[in-house]
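> Here it is, the structure in full.
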Amino acid sequence: MGHLGNGSDFLLAPNASHAPDHNVTRERDEAWVVGMAIVMSLIVLAIVFGNVLVITAIAKFERLQTVTNYFITSLACADLVMGLAVVPFGASHILMNMWTFGNFWCEFWTSIDVLCVTASIETLCVIAVDRYFAITSPFKYQSLLTKNKARVVILMVWVVSGLTSFLPIQMHWYRATHKDAINCYAEETCCDFFTNQAYAIASSIVSFYLPLVVMVFVYSRVFQVAKKQLQKIDRSEGRFHTQNLSQVEQDGRSGHGLRRSSKFYLKEHKALKTLGIIMGTFTLCWLPFFIVNIVHVIQDNLIPKEVYILLNWVGYVNSAFNPLIYCRSPDFRIAFQELLCLRRSALKAYGNDCSSNSNGKTDYTGEPNVCHQGQEKERELLCEDPPGTEDLVSCPGTVPSDSIDSQGRNYSTNDSLL
């Protein structure tokens, strides 16, 4: 988001002490600027590297190409654009104590900034709805939200985000009328984001608060449903363990189905936790800024400019967090290690040992325990049971046995964010 006031005030904090030696003061200022330049450069590198890694992993490995991960790709694209087109220019604005790219790019840069934040939270909102259908209607999930439908939803998210960000700024609906704002708009070297009260409140509600409320409400419902499912699993497993062993031997498949169903819901619950961490981190990083953004237009002098800029950069840093959070997923960990050459052909076995045919059934390489050949914990999590011919599920995933209909179609979410 745009900066208020003189951005360099935040950097030149060491000048607060009145040093008599101007050379010493200048050296302190230069050291401070160099230090901030290094920190900001590391932030940019972390954002770009991490999100390129996420996008590449999903594009390269078919296992990761789930509906939910399509939305994760959209989120990573928003973070990547933030790292390439927003954060570097924001850093330059602060470090150089002036804007050197002209008025047109100033408004265009601000529009991209608002676009990325809006697209991110709207994508998170869509992910919350996606998880709601996945956990409440697992049998209908794949027909409700196919990959083609997911692409349409992603396109709609970016179109809506583009309209709510570019249109008001490029049409100058955001502009304030006080003297400082008018002078800044006319000055090529000024790119402080002065806004009128109506725009600040309306844009904050549309771009942040409204999607946030929807996201929190839907995700709270998802967790309530997930909690009830886990409680049912606990009760079912309790009854299962009290059965006579002879009955279990006579009907081993029912026990196997129960274990497989339990694994599915436990993995689904872990996926919910991972996505919950992503949403919670985004909220914690951006909520303080949007609170300050509204407070500032209501009471101009209440929030120091340094605080505004600092909170803005806390929001920027959020774009570097998501790739780290994805490492909770064994699938993403293996993919990242493979891409970084830290794991010798890990995904070669991971992708080729078991493959599904067009009928939804599973073809194997001929080894009865092929999925257990990897000794790492990640592989154990991905392939916990060597399926028999009666199990019409892919080896890396775990789905409830009743998620397969009579034609062999798999209605599980097969979510790789686990």
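Just so you know, glycine gets a Cβ as well, placed from its N, Cα and C.
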> Among Asn23, Asn410, can you tell me which residue Swiss-Prot lists with the annotation N-linked glycosylation site?
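The candidate carrying the N-linked glycosylation site note in Swiss-Prot is Asn23.
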> Name the residue range among 59-62, 87-90, 167-170, 415-418 that Swiss-Prot annotates as motif 'PDZ-binding'.
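Within the set 59-62, 87-90, 167-170, 415-418, Swiss-Prot attaches motif 'PDZ-binding' to 415-418.
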> If we trust Swiss-Prot, are Ala37 and Glu306 on matching sides of the membrane?
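Yes, same side.
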> Swiss-Prot annotation: Cys106 disulfide-bonded to which of Cys184, Cys190, Cys191?
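Record-based pairing for Cys106: Cys191.
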> Can you tell which of Asn6, Asn414 Swiss-Prot marks as N-linked glycosylation site?
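Among Asn6, Asn414, the one Swiss-Prot marks as N-linked glycosylation site is Asn6.
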> Could you tell me whether the transmembrane segment (198-218) and the transmembrane segment (71-91) are in contact, taking contact to mean 3+ Cβ pairs under 8 Å with a sequence separation of 6 or more?
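No; fewer than 3 Cβ pairs under 8 Å.
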> Going by DSSP, is Cys341 (S-palmitoyl cysteine) part of a helix, a strand, or coil?
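SS state of Cys341 (S-palmitoyl cysteine) = coil.
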> Which of the listed recorded positions (Cys106, Cys190, Cys191, Cys341) has the least company, meaning the fewest other Cβ atoms within 10 Å of its Cβ?
Cys341
> To the nearest Å, how far is the Cα of Cys341 (S-palmitoyl cysteine) from the Cα of Cys191 (disulfide bond)?
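It is 43 Å, counting Cα to Cα.
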> Between Cys106 (disulfide bond) and Cys184 (disulfide bond), find the distance joining the two CA atoms and give it rounded to the nearest Å.
11
> Have the transmembrane segment (38-58) and the transmembrane segment (198-218) got at least three CB pairs under 8 Å, pairs 6 or more apart in sequence?
no
> Any chance you could find the range in 108-128, 152-172, 307-327 with the most Cβ pairs under 8 Å to the transmembrane segment (198-218)?
108-128
